[in-house]
Structure formats: structure tokens, C-alpha cells
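To start, the structure itself, in C-alpha cells.
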Amino acid sequence: MGLVRPRVFHDIQAWLYSIRLLHYPRHVAESVEVLITASIVPRYAHPGDAGADLHSAEELVLAPGERALVGTGVSIALPDGYAAFVVPRSGLAAKHGITIVNSPGTVDAGYRGEIKVSLLNTDQTESFAIAVGDRIAQIIVTPVSRAAFIPVDRLPDSQRGEGGFGSTGVRETGTGRQTAGSPMSGDTP
Ligand SMILES: O=c1ccn([C@H]2C[C@H](O)[C@@H](COP(=O)(O)OP(=O)(O)OP(=O)(O)O)O2)c(=O)[nH]1
């Protein structure tokens, strides 16, 4: 069982990390080699970033509410047991309402075609112009398990049971306030 330390201990520890008297534990994840053909090779902007930026290979304008499948000029060969996920950039989403229709887009290990991004302009009034080379999305490469699905008549019990789709509400419980969730099958009353 882990040692339970008071909150003040962790606050002091965080301060020692910030003034570099203690070294924050570093976990250097193993990197994986991914063969690529690309007009612009995706790049991680900072150490520790999960996603590498994908660039547009096309020039286009997305009108308000419009979507388009945009080429990136990138094709990859992932090792078996890996997948890549194409996900939105938070800055484009927050500033311009640009998102990805099928986020996360799944790139299979066996796919050798060009990676494309299904961009959507959710802004109701502003068009969004994209130039060749603009960073339009990011790609996350990660190991994936392949499931062996085993049909059974009954699933084992669990604490969550069938509760889902907002069954725990929105507000923190234990504050004496009513949570905002609506009862769903599997909820406790
Ligand atoms: O955002 C995405 C999503 C997918 N793909 C590519 C890679 C992926 O391996 C392939 C097929 O994707 P998916 O399996 O999601 O598409 P599908 O609609 O099920 O088509 P398919 O019948 O070809 O599998 O398309 C992209 O380039 N960008």
C-alpha cells in the first residue's frame, strides 16, 4: 500500500521541482520508427508533446459550417500493433472553431495511402482560409491491443454497471448539491 502524505508535502515537493532543487521524474518513452513519405515531415513542437503537427498539402477556404477532406502529403507505414490518431489542434478549435468531423481519425497499420483530415469549420459567420504548409491537425502514434472477443451469456458485475451517458451528473457529489445528471438505466436512485 502506498504511503499517504499530507497535501503540504506535495506542495513543497512541487515548489522544489519548480526551483530545480529536486529533479522531476523523467520517463523517456521508447520511440518507434515509422517509415514515411511526406512533403513536410510531421514534427513534435516540444519535448513531451503527444502529437506531431500535420500540414496541409492544399490551399482552400472553409466557409462557415463547411467541411472538406484535406490532404497532408503524408503516407506512413506503421509497425503492426500500432495505430495513429488524427486529432484537432486546440488553438484552431478555440480561435476559429476548426475541428475534425471524425476525430480521432484512425490510421491503420496497413494503410499506405495519403493521410487526410476531415476538417469542419464550426464557426457560424467566419470563413477559414488554409494555405499549403499550414498546420491543420496533429497525429498521435500509439500501440494498440487487438482484442480477442469472447462471446458469453452474462458479463461479470462491475461497480459502474450499466450507468453511463451522464449517469454521474455534472456537479461534484458530496457537496450537498443536487447533481445535474438525468437518471439512466443502471443509476442508483
Ligand atoms: O482521419 C482519417 C481517418 C482515416 N484515414 C485513412 C487511414 C485509415 O487506415 C483509412 C481507413 O479509415 P477508417 O477505417 O476509419 O475508414 P472506413 O470508413 O472504415 O473505411 P474503410 O472501409 O476503408 O476501412 O483511412 C485518414 O487518412 N484520415
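In case you wondered, yes, glycine gets a Cβ from its N, Cα and C as well.
Listed in TrEMBL for this protein:
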- 40-169: domain 'dUTPase-like' (DOMAIN)
- ARG89, SER90, GLY91, ASN102, THR106, VAL107, ASP108: substrate binding site (BINDING)
- 158-189: region 'Disordered' (REGION)
- 175-189: compositional bias 'Polar residues' (COMPBIAS)
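Taking a Cβ distance under 6 Å to any atom of ligand 1 as the criterion, the binding-site residues ARG89, SER90, GLY91 reduce to none. Annotation for ARG89 (substrate binding site): same-chain Cβ neighbours under 8 Å, separated by at least 6 residues, are ASP53, ILE98, ARG135, ILE136, ALA137, GLN138. Taking every pair among ARG89, SER90, GLY91, ASN102, THR106, VAL107, ASP108, the residues listed as contacting substrate, the largest Cα to Cα separation comes to 26 Å. In the three-state DSSP scheme, ASP108 (substrate binding site) falls into the coil class. Within the same chain, the residues at least 6 positions away from ASP108 (substrate binding site) whose Cβ sits under 8 Å from its Cβ are LEU78, ALA83, listed in sequence order.
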